[in-house]
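Below is one structure, written out as structure tokens; comments come after it.
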């Protein structure tokens, strides 16, 4: 009896290893596998979205607690807000990575919707003629669909730009209106760092954040909604 395995095959015969290839030749089998694959990708996208939401929730909770602490007493130093700014930046770094994973799963979900389900409902052609090959390549060699810069820009525009702005406004109020007995430069200073230099550094930080948020990169993230106006398809 001839053994059709080689040293790299493992415990299964070559025919057993290539069982997935039989699905490609059988339309019914492929249509039976696709729903399971689609549900799995949707589940992965939902899990990734939950992880993003948890990071955002922690960032908002931190901001609320920090504002309550800093404005609870006139003696509370303003530099606590700068520490909070640094911690929020760390949250942003984590969320950028999580967003890239979310967009990866979401892109696959939309890819199947565009090329399988949309064409099944109205067979006017697929968005990507080689969708099976493209999806197979992505399953074999998964890649992020959005760059770190675009993910950073999107999270700043959607969430963290506002959180940073709240801390910036709170810091300005803290060193001016809430410490009237001292000059704002005295209230803003750090150990060994003049207040004017701290304010200048904070200004540079916000300029960088604004530039990143408005960076005109070509969109690569897989958008869910096309068009700015609400549709009326239910009334057609």
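Cβ coordinates come from backbone N, Cα and C, glycine included.
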Check: Pick from 178-196, 197-215: which range does TrEMBL record as transmembrane segment?
Finding: 197-215
Checklist line | Remote residues contacting the transmembrane segment (78-96) - C-beta distance under 8 A, at least 6 residues beyond either end | finding: 52, 55-56, 58-59, 62-63, 66, 69-70, 148, 151-152, 155-156, 159-160, 163-164, 167-168, 170-171, 174-175, 179, 187-188, 190, 198, 202, 205
Item checked: Folded-back contacts onto the transmembrane segment (159-177), same chain, C-beta under 8 angstroms, at least six residues removed -> 56, 59-60, 63, 66-67, 70-71, 78, 81-82, 84-85, 88, 91-92, 95, 184, 187-188, 195, 202, 206, 209-210, 213
